[in-house]
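> For reference, TrEMBL lists these features for the protein:
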type	residues	note
SIGNAL	1-34	signal peptide
DOMAIN	44-157	domain 'GOLD'
TRANSMEM	190-210	transmembrane segment
Amino acid sequence: MAENSKLRVRTAVLSLILLCSTFSNLNLVPVAEALWLSIPSSGTKCVSEEIQNNVVVLADYYVINEDRPEHTPNVSARVTSPYGNNLHHNENVTHGQFAFTTSEAGNYMACFWLDSHQQQAGTTTLSLDWRIGIAAKDWESVARKEKIEGVELDLRRLEGTVQSIHNNLIYLREREAEMREVSERTNARVAWLSIMSLGVCIVVSVFQLWHLKNYFQKKKLI
């Protein structure tokens, strides 16, 4: 009996892993993204990510100077929400981190630039470890707090992943409904504009015929 229970648990775990792997390939599961950005000597380097509402975001960043490893320049960083609200602003640093829970759905943008007095020739590289949703959760703390480990912890992690997939599917469905509504409104406006244009053309044609008829009658051509 115990062996059958273990077999069921293992089967469930394997099924969830396969399901999560499939949806991860479809970009439906928020995952950690480690990015390497080349910061120009002048100007700003930005990255953006479309994130739905009420999602935890964690990120760490640090600067590497490939040309002069012994001299690491300072950078400034700013993170803004889809509506332009500042979520993080840091200046004259070589490393930093930010964390927030999204309150708006849309593109969240992180921008980095060299300080004006440190702009120099060469390449300045910045590493950005961007974690979203389930990838930002500290499972070690969860395991210690709830005293779970092994298969139970894996199941809890997979449960969170499945919930994240479900939330993403709901978000995509809502976005699709919004886009469909916008498309229908646009099509309706185009249809009314076409009808109005056709009506104007008919009125102008009738007026031209009436004017030509009067002109020819005055000239006694007809």
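Numbering starts at 1 and runs along the chain as displayed.
Even glycines carry a Cβ here, placed using N, Cα and C.
Quick caveat, the model's predicted, so the values are computed rather than measured.
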> Could you count the residues of the domain 'GOLD' (44-157) that DSSP puts in helix, in strand and in coil?
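Helix, strand, coil within the domain 'GOLD' (44-157): 22 helix, 56 strand, 36 coil.
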> State the mean pLDDT for the domain 'GOLD' (44-157).
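82, rounded to a whole number.
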